[in-house]
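Enquirer: Questions regarding the structure given below will be posed in turn.
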Amino acid sequence: MAKWKTGITGGIGSGKTFCARIFEQLGIPVYYSDDRAKHLMTHDPEVVTALVELLGPRVYDANHQLQKDFLRKQVFENPPVREKINAIVHPAVGRDYADWHHAQDSPYTLQEAALLVESGSYRKLDHLIMVRAPRVLRTQRIMARDGITVDAVTQRMNSQFPDSKKEKVADLFIDNSGCYAILPQILAIHHQLIQSNDRK
């Protein structure tokens, strides 16, 4: 079993997934929470039942595929419903990550997720890495990546905690503003985690 449970988070457009893939290239197992959440929302009977009870049968199509546009609309436009969806999905993801972590054989694992702080999941981790980038740069990245308007980006950003809240609970940081090279920062964190693991 891997020893350290390490999270990597950051606001939308910060580049946390990009950074996670570099850790993966270093041989560290990475749990991509969004991907697993989508899997659980179609394969975990308890999650499926709870989502149908909350949102109605239209959350799935006739082939039992998740209606992502409908779900995204609920998440970004309806805060009370978003909280209820998160209360269904986040605990399931947390259990799934714990089982997955237990099966890994590495100095540490990485859980990549945007909402580790918002959900409180960070409390179950040994370390939390935060990827930071200026809001203007993040906005430009998301607009280019997703082909959406500034207003749509702002709506998504406002559904997450501001960086100032996440910074208070993170203990490791990556600057992805473009002012500093990413790889040396990741290598430094990687070596720090391995060394601290050796002393555990």
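For all residues, glycine too, the Cβ spot is worked out from N, Cα and C.
Grabbed the feature section from TrEMBL, which reads as follows:
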- GLY13, SER14, GLY15, LYS16, THR17, PHE18: ATP binding site (BINDING)
Enquirer: Enter the number of other CB atoms within 10 angstroms of the CB of PHE18 (ATP binding site).
Expert: 13
Enquirer: Which has the fewest other CB atoms in a 10 Å radius around its CB: GLY13, GLY15, the listed binding-site residues?
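Expert: Each of the binding-site residues GLY13, GLY15 was scored by Cβ atoms within 10 Å; lowest is GLY15.
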Enquirer: Just to be sure I understand the packing, how many Cβ atoms besides its own are within 10 Å of the Cβ of SER14 (ATP binding site)?
Expert: 27
Enquirer: Here the binding-site residues are LYS16, THR17; which one has the lowest number of other Cβ atoms no more than 10 Å from its Cβ?
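Expert: So among LYS16, THR17, the binding-site residues given, the one with the fewest Cβ atoms within 10 Å is THR17.
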Enquirer: Sort GLY15 (ATP binding site) into helix, strand or coil using the DSSP assignment.
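Expert: SS state of GLY15 (ATP binding site) = coil.
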